[in-house]
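A short worksheet on the structure shown next.
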Amino acid sequence: MFLFCNTSDASVLIPTEACVGDQSDPSSGVENVYGYRATNVCGYKRSDGVGAALGPANAGQIPQRWAGNVSSAFFTTTATPDACQLGRVGVIGGSEDYTGAPYFSAMASARLGCDMSHVICTPAAAAVIKTYSPNLMVHPLMRQTSSDGSSTANNHDQDPDKVASPIIQMLSRLHVLVIGPGLGRDPLMQATCARVVAAARERNMPLVLDADALQLVQRDPALVKGYKLAVLTPNVVEFRRLASALGIEDAKEGDTATARADALARALGGDALVVDLEGGKKRSGGQGDTLTGCIATMLAWRKAALDGLWEGSSEEWREGTGEAQGSETVRLAAFGGCAVTRECSRLAFAKKGRSLQASDLTDEVHQAFLNLLGEEEGNDAKL
């Protein structure tokens with residue numbers, strides 16, 4: 001499992017399943033391309049002994065090694081994929097009070113390049129979200145707790161197993177599932193999602209959990225602990241709650257944000273990777289939803305590439321075993337989604353300044369992708 005937490009100056013990726021290398025001995029640190037120690041929370045040590053952490057980068061640039069790995073692992077610009085080979089992403093969220101968050105997540109996924117973006121929400125939210133864009137497929141399958149006190153025995157709409165059933169049936173049509181944007185803390189919604197997460201894990205399906213879906217992890221860490229295809233994206237407040245639920249002590253004076261992230265990573269059996277590309281200077285609500293959508297599309301591309309659906313995708317990743325097909329490619333997908341989101345924020349803030357809103361990031365997704373990962377020179381495919 002991987003965990004992103006946004007700090008003021010960086011995004012920290014924490015693989016919570018033990019991955020390559022050993023950070024227990026500071027003297028064994030290997031310097032990475034920017035001079036940081038791989039034993040530091042700013043990096044992890046690969047099995048080949050090369051520190052792969054990211055250090056300061058200029059705006060709009062990322063280390064070419066990582067850009068090349070993301071590009072070769074997940075997509076090709078030398079062939080035209082068939083229909084739906086660029087990914088089908090589902091977003092579970094959206095309730096009576098929250099309709100924007102699932103829209104931002106699903107649209108970021110679509111703008112980055114997935115073929116189909118689905119939103120699974122309550123009927124009240126569906127009626128609203130359908131008016132936002134005709135490009136999204138909206139399914140009113142979720143239910144909130146009835147206000148009239150109807151019993152579970154007499155009302156199937158109040159039985160989480162019954163509510164979850166049609167959603168679980170949809171999983172075979174999706175490549176990646178995002179859970180949490182606009183979900184809320186309604187008991188029935190939470191119980192339904194717990195069942196969907198368990199079903200997705202049984203199917204070895206990539207998951208991105210954010211916002212109120214993290215309440216599930218707080219109550220039952222075993223739901224995703226050790227699952228290499230799960231990515232968590234808490235903000236600062238959600239991070240503190242997760243840390244508390246896992247018994248991690250409060251930050252001590254002098255502790256840095258990355259040190260606290262490292263503590264949570266260790267509690268979950270993992271390491272940390274810092275992505276500190278320049279972002280915007282305003283953190284408006286909804287930016288995290290863009291992050292979940294971007295990571296989801298990258299994970300969908302990962303699956304397509306590993307399944308050999310794209311002619312020309314790197315044989316290194318398609319034929320690799322172990323790490324190459326496991327946590328390394330998930331790590332690259334999470335890194336790629338985070339990098340694109342931070343570049344979205346930078347581009348949007350340059351245009352909008354303090355008036356920046358989450359919808360402004362949506363408009364910058366494709367340009368951010370081109371800036372960071374780009375296309376081969378002379379290629380007009382614009383994948």
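Glycine too: its Cβ is placed from the backbone N, Cα and C atoms.
Any TrEMBL annotation is an automated prediction that lacks curation.
The structure displayed is predicted, hence computed values, not measured ones.
Marked as domain 'YjeF C-terminal' by TrEMBL: 87-372.
For 143-155, the entry in TrEMBL reads compositional bias 'Polar residues'.
TrEMBL lists 143-162 with the feature region 'Disordered'.
Secondary structure at Gly182 ((6S)-NADPHX binding site), as computed by DSSP, is coil. For Gly182, Asn235, Val236, Val237, Glu238, Phe239, Arg240, Arg241, Asp289, the entry in TrEMBL reads (6S)-NADPHX binding site.
DSSP classifies Lys281 (ATP binding site) as coil under the three-state reduction. Taken from TrEMBL, the feature ATP binding site applies to Gly279, Gly280, Lys281, Lys282, Arg283, Ser284, Gly285, Gly286, Gln287, Gly288.
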Integer Cα-Cα distance in angstrom, Asp289 ((6S)-NADPHX binding site) to Lys281 (ATP binding site): 17
Neighbourhood of Glu238 ((6S)-NADPHX binding site) by C-beta distance under 8 A, where only residues 6 or more apart in the same chain count: Ala211, Leu214
Tertiary neighbours of Gly182 ((6S)-NADPHX binding site) (same chain, Cβ under 8 Å, six or more apart): Gly93, Gly94, Ser95, Tyr98, Thr99, Gly100, Ala101, Pro102, Cys121, Ala125, Ala211
Other C-beta atoms that fall within 10 angstroms of the C-beta of Arg283 (ATP binding site): 15
Cβ neighbour count within 10 Å of Val236 ((6S)-NADPHX binding site): 13
